[in-house]
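Straight from TrEMBL, the features:
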type	residues	note
DOMAIN	37-428	domain 'Major facilitator superfamily (MFS) profile'
TRANSMEM	36-59	transmembrane segment
TRANSMEM	71-90	transmembrane segment
TRANSMEM	102-121	transmembrane segment
TRANSMEM	128-147	transmembrane segment
TRANSMEM	167-186	transmembrane segment
TRANSMEM	198-218	transmembrane segment
TRANSMEM	238-264	transmembrane segment
TRANSMEM	276-301	transmembrane segment
TRANSMEM	321-339	transmembrane segment
TRANSMEM	351-373	transmembrane segment
TRANSMEM	379-400	transmembrane segment
TRANSMEM	412-431	transmembrane segment
């Protein structure tokens, strides 16, 4: 990857490998460039999740003011995910060409005014359109994971990816918690209900713009000039990088798997507040707090998935990463089935919290595998996998949570069954150097640089 600008690089205080990637990961350090980039990456993506999921906890109020039907709400939820499918797929090659710093900041700055436009919607059509456009900001997830894979060695890349995405995904939970509180705070000044929910969207819009500017000013893609000069990565066109990535079947399988963990997580973020509000009769603030519990477990759950992936790799190699992903995602599916069948408020909350831990850990395990698929088209593979997450969210939203065909609790259980079934293709992933779940490595030695060009 060529540098996006002639910025003067920082020398790292962390131990580096031959590619100048950090071999240690210290999440509470801010030393440049590795750890500073980590904090900028997760905070920027955090703001995008906060913006995208700032609407769902306010839906009971917005439905009344905008006269939204159940079909309108379902269509808007689907639109939010559709908006990020193609943007995530495109973000991968863009990162390969201009770097994750420029790609991430540009997208955040473009979509921040759209977040603010939520304050001016007046019809179901404009509501759906705004949710669709805000969804584009979630493509920053691809830049986030690409950035971490570029800066951290394979020994800690699962951990780095897990922390960067996990802490960022908390944005959805924080939005579920804070937006109802902000609404109540503004309304306490005798502001009309129809105005109060509109005013507070200045918060996520401003937050997103500020983090984008911080990424531009303080971020750095590569650790030092030397790593840029000696890089022998071929300079290729957007089309060639895209085609190479699309031909790699492992990327398609990981996209499917990610749709069954992160896609399910996004679907839950979209419906969980309404689920508890309508099924158990709790008020708006309580429903938002319960929903926040689901998202806030990302603080440790997704990083835990990265830790499990790296530890399994130390014990069993890449085959261990595959087995770990299958086991964790299967347990998540079983818990999802159980949540839909829980009939008490306390039992449903307890199962939901356990389910959130496992489904988010599965996302971390998925991106513990992504960096090993293709060095040549890492951005494309990251984009394919990330797009798979949003495709999964769209499919589950449309099939199970749009309209009144199924009750929400039945849909949640069916979603769990879908997750369990979709874990099976993990067994088809095979790496000649490292093997697969049931297959040993190819005995023929393959040069690492040559392997990175294979499809």
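From the backbone N, Cα and C atoms, a Cβ is placed for every residue, glycine too.
Restricting the average to the domain 'Major facilitator superfamily (MFS) profile' (37-428) gives a pLDDT of 90. Here the transmembrane segment (276-301) does not touch the transmembrane segment (128-147). Their Cβ atoms form fewer than 3 pairs under 8 Å, with each pair 6 or more residues apart. At the 8 Å Cβ threshold, with sequence separation of at least 6, the transmembrane segment (321-339) lacks contact with the transmembrane segment (379-400), having fewer than 3 such pairs. Proximity of the transmembrane segment (71-90) to the transmembrane segment (128-147) is established through 3 or more Cβ-Cβ distances under 8 Å for residue pairs spaced 6 or more apart. Residues 4-5, 41, 44-45, 47-48, 51, 54-55, 66, 87, 91, 94-95, 127, 130, 133-134, 136-137, 139-140, 143-144, 147, 198-199, 201-202, 204-206, 208-209, 211-213, 215-216, 219 of the same chain lie 6 or more positions beyond the ends of the transmembrane segment (102-121) yet place their CB under 8 Å from a CB of it.
If you look at the transmembrane segment (379-400) against the transmembrane segment (128-147), you find at least three C-beta pairs under 8 angstroms, all six or more positions apart, and that counts as contact.
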